[in-house]
Amino acid sequence: MQDEERYMTLNVQSKKRTSTQTTQLTFKDYSVVLHWYKILLGISGTLNGILALALISLILLVSQGVLLKCQKGSHSNTTEHEDIGDLKMNNGTRRNTSNKDLCVSRSADQTVLCQSEWLKYRGKCYWFSNEMKSWSDSYVYCLERKSHLLIIQDELEMAFIQKNLRQSNYVWMGLNFTSLKMTWTWVDGSPLDPKIFFIKGPAKENSCAAIKESKIYSETCSSVFKWICQY
């Protein structure tokens, strides 16, 4: 009986000792795992930081390359536009086109999509008619095609239009004399900047602007000419 009690006591003590050792091993293993987890987490953070820096550097290099490419092409493009010739403008209004303007226009050219038979230039689309209509009918025609009559903003655009006219006839543009404002006004509501070009002819009610060769003329709006749509 005593031997049996001694055996049971030893057995219980052995189980307690084994349980304690197992618990200690579990805590020890957890500490090791936690230690390596922290190390791996640190390595992962470092790698992510390196990748982020590499990506930023790559973006900067690409941006500098695009800018440099635009700058290199600026001189040749300016010469090309000068060779085209331009419409008659006020004295002293010619200005140099900056590299930034050229780069922006190239970027716009890459994103804009023009319909068939439309010409693309500096982020805009142009359509040159073969028919002849009055100024108001030309205006409506462009609106129906989700566009508007030609609005010229600078000498480069004027040179582009002149290059593509290829005719000596009058062509309507989106400019008319409004009696309400008593000034030449574009179809978008903005007034004509007199520094851009001269308008040859009277500035009076029922007068609309038309391009012919290298000049802008004031003509009666009911006259029938070809026209240019733009969007």
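Every residue, even glycine, has its Cβ placed from backbone N, Cα and C.
These figures come from a predicted structure and were not determined experimentally.
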Recorded disulfide counterpart of Cys221 (Swiss-Prot; options Cys142, Cys208): Cys208
Integer Cα-Cα distance in angstrom, Cys208 (disulfide bond) to Cys142 (disulfide bond): 16
Sparsest-packed of the listed disulfide-bonded residues (Cys142, Cys208, Cys221, Cys229) - C-beta count within 10 angstroms: Cys221
DSSP three-state assignment (helix, strand or coil) for Cys142 (disulfide bond): helix
Within-chain partners of the transmembrane segment (39-59) [C-beta distance under 8 Å, separation at least 6 from its ends]: none
Minimum Cα separation from Asn176 (N-linked glycosylation site), reported as the residue among disulfide-bonded residues Cys142, Cys221, Cys229 that achieves it: Cys221
